[in-house]
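**Student:** Copying in the features that Swiss-Prot gives for the protein in this structure:
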- Glu565: active site, proton donor/acceptor (ACT_SITE)
- His396, Glu399, His492: Zn(2+) binding site (BINDING)
- 946-967: compositional bias 'Polar residues' (COMPBIAS)
- 330-601: domain 'Peptidase M14' (DOMAIN)
- 679-706: region 'Disordered' (REGION)
- 944-967: region 'Disordered' (REGION)
Amino acid sequence: MCPALSTDLKQEVLTDPYESFMHHHLQYYGYFRGLEPREQFKLPVQRCRKVVTDSDSDMPSSQEDQKKLVYSLLLDSPVFKSRQLVFEDQEGKIIPRLREPKDLYGSSSQDGCWQQARWPSECEVIKQDISHIEWDPTDREIFYKPTGNEPKPPVVSEGTGAVVYEISPAHKGSYFKGSRTGGRKCSHRKNQKVQCNNDLQFESRFESGNLQKAMKVGMYEYELTLRTDLYTSKHTQWFYFQVKNTRKGVPYRFTITNLMKTNSLYNEGLKPLLYSQQDAALKGIGWRREGKDIKYYKNTRSLDGRSLYSLTWTFEFPHDDDICYFAHCYPYTYSDLQRDLKSKISDPACSHYCKLRTLCRSLAGNSIYLLTITSPSTNLTTGAKKKAIVVTARVHPGETNGSWMMKGFLDFILSDSPDAQLLRDTFIFKVVPMLNPDGVIVGNYRCSLSGRDLNRNYKSMLKDAFPCIWHTRSMVKRLLTEREVILYCDFHGHSRKNNVFMYGCNSKGHPLTKLHERIFPLMLSKNAPDKFLFKGCKFKVQKSKEGTGRIDMWKQGIQNSYTMEATFGGSTLGNRKDTHFTTQDLKSMGHHFCDTLLDYCDPDSSKFKLCLSELQRLVEEDIREKMKQLGRDMDSDFTLSDITLSDLESSTSGSNSSESDGLPAHLVDIAEKFYQKKKRRLRSRKERNSLYQKRNARQKQKLHEAVEVSEPAAHIVRNELTKSSGKRKKEQKVAKIKFQEDLVPQTEENLTTAAPTEKSSMLYSRKPESVSMKTQMINSLPTSCVRDFMDLDHVCERQMTIRPRPSANGNRLPLIITVVQQSTLPPVPKGISALKQHPPPFHSILDQSGDQLTVADHVFRRDKSVAKRGFSSAGIRPYCSGISGEKQKVLDGSIVPLDLHLSLSPEVHRQNKPRQEPLITLGSTEYFEGFLPKPKTDPVRRFPGISSSEPHFPNSSEDITVRNTMK
């Protein structure tokens, strides 16, 4: 009907432009509710706005203007500026309340839009949504029985086969630089052409896919190369790829050629997984175990010095032109997690006791979700008494069985069963279902986009490199300050052992709590006897695993800290022996985990005590078995406290994650610029003990030679001269030394051996120090040149500064101590060391103009005794001031002269008691130039063939005592 022909037209309501503007403004920003028309327009509607003229500008404001002023004042208040408050009209009163949190994925829950996964910028991704149905096979899937005749196809050389599929490698040496939603668009590759209609078509550029290269080496044979973890050159275990253009009834052979683990469950009956889209659509069949002639073996290739291994199997596709998938384990992607979380929080009953929020963002920007599950508390006191339980999973992206156990755990704890309700009323659950979403998305097996294993970096302080680990640890640390955390468990997968088992930490606290950490795994083994193997549990704390979540949480104070490991294979227990695990089996372990929590925290402690007594019996049996293997017997009074339980267990190793421990990939190049020094290999204990024994043997040999050899100075000089280059020069010096030895013979009786207390002084030098010819001649100084010492009044009258000897390469230099004994002097008493003073006193006594020594007669007088007075040396205290009067008289009247000890060491040996013999200390070599008298008994001798720059001294018939030591 045309509006122009209408006779009963409604009167048009013309609102004030200002009111209309304010109405739309408030409605846009959420401050205007618009419940009823009368509430929307509080101001009266005017047909036209009154024009204010100059004549009526002085009139009082109208009622409308006053209300507008009130609106403007209210809008400026902080309450209205907040976006977290919403005002509601309840019974005529305006009540503010908090705004509901935003939807999980930043959109309304009605439109069904989800946040897409973010990929590294360089990763190509196909635009295809891949999903699989869940299916539990009616019959149990039996292990493959190896016959021993399985073929081992050799790896063909490069360029031999036809490449039918290839993507870019894992970017070894690079690092993560950025991400984008949905990844990069796929580009056409020339080398991915199908040679004929019978060739299979491969694809892995989808979420969690992993296949780098496929090469056709036979009519129906293909060699496959897996992509290593992104930004690394390691960890090839997980595979998941698509195959198209299949032919029914044709035996195809697939061989993966770059696996890195030395052993695998494929040699114990594990089969690969197959998924057929036609079977899923027509028969409702999902993932199932298939394959024949399965063999895991070592091939001829290597990578970075490590051998590579191959996995081969044959298979017949069930349909023609089918789309099939092969996988190492049941895939569970990041999108699968989002779908499961979406379905749970959309349930109104579930959302009442389950709150979901984002813990943090990963390196690529993907959300790491945190679920808080507990029943609402009626009062604050009840809520404060609740204890906490922390459960995490999927820190290793290739261990998808951990996600399936997590799915079973969430299905049970969020259900409406009475046991689940009791758990929610008793505990607060903090759940992180996927710790490493980036690795899951790109198809890694063990690492994140940092190129490192997250389960080795719980102690790291690099928040930006390991955000999920850092925030998870901070969350637990904050939770511990608020309430007690009775259990922490991280769900994992294991590739070398069957069944399900746990790794824990031995308690080192009070003896009453011993073995308590083993009670929960024992209870779990009783709840799942056909899947969980308690004997497979280990509780050893290894230093190489200190960065794991299990040990880090244990050190923070959580006694029951575990990792629950589920095999990639199946069970070897009970009626499930030699059968594969299905997704339903893995989810059932999550149910059993919750049942065990109820048993462990039951107020009735009868189960707890029964398990503890059984544990004591099992441990005693293990001890007896261990003692029997060692050939020892146990005493009757033997207790568990007499041994360390860790000694009974083997290592929990089975993974090579330590190879991916260290700095993130983007910091490795930076660190190498600052630290170029080559890392030294750490020696084992056996190597260290061997080196220690050899070093001690060499030191003992040197000490023995220093004590037994009668001429140490000549021996050292001989060794030093033999090292010089030139045969003639070497022979001349050896002849010269031999000639000198003939002229200056030494008797065995005139040599003083080294004291046992001086043994350590010879071990400071790494190499034997050489002694010059000049020093050797000084050591051979005859006693007749010294004569009798009667008085030295003017020697060392002033205090002089002692200059320390310079060290040689950080080693203490050998010091020469010469003890000159007259024939009429008594021997030195034992326990009294010679006076040690620096610098050496004999450097200036040599007369360079001739070969004969001269000694000043005016220095030594026969009318005074040396012991009549004490005298000071340069920089040290007097030595004779403490001698008693009787002893002094004996010394003065003694007709037997005393010994004279001359020492060259800069260190002064101080004793509690004063010296008992008079000593003379020479403070400076300047006082000895021309002081010593000429010898009366020794004739003048000259050494032919010896230059004057190295003076030699004649032999004497008097007693000579020469002592060379190293201090």
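Yeah, the Cβs are placed from backbone N, Cα and C, and that goes for glycine too.
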**Student:** Counting distance between Cα atoms, which of the binding-site residues His396, Glu399, His492 is nearest Glu565 (active site, proton donor/acceptor)?
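**Tutor:** The answer is His492.
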**Student:** What residues, ordered by sequence, lie under 8 A Cβ-to-Cβ from Glu399 (Zn(2+) binding site) and sit at least six positions away in the same chain?
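**Tutor:** In sequence order, Cys329, His492, Gly493 meet the Cβ cut-off.
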**Student:** Going by DSSP, how much of the region 'Disordered' (679-706) is helix, how much is strand and how much is coil, in residues?
**Tutor:** 22 helix, 0 strand, 6 coil
**Student:** What same-chain residues, at least 6 away in sequence, bring their CB to under 8 Å of the CB of His396 (Zn(2+) binding site)?
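**Tutor:** Gly402, Asn436, Gly439, Tyr445, Arg446, Asp453, Leu454, Asn455, His492, Gly493 - these are the non-local Cβ neighbours of His396 (Zn(2+) binding site), listed in sequence order.
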**Student:** In the same chain, outside His396, Glu399, His492, whose C-beta lies within 8 angstroms of the Cβ mean position for the Zn(2+) site?
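**Tutor:** Nearby residues not in the site list: Arg394, Val395, Gly398, Asn401, Gly402, Arg446, Asn455, Phe491, Gly493, His494, Glu565.
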**Student:** In which DSSP state, out of helix, strand and coil, do we find His492 (Zn(2+) binding site)?
**Tutor:** strand
**Student:** Specify the count of other C-beta atoms within 10 Å of the C-beta of His492 (Zn(2+) binding site).
**Tutor:** 25
**Student:** Can you check what DSSP calls the residue listed as 'active site, proton donor/acceptor', collapsed to helix, strand or coil?
**Tutor:** strand
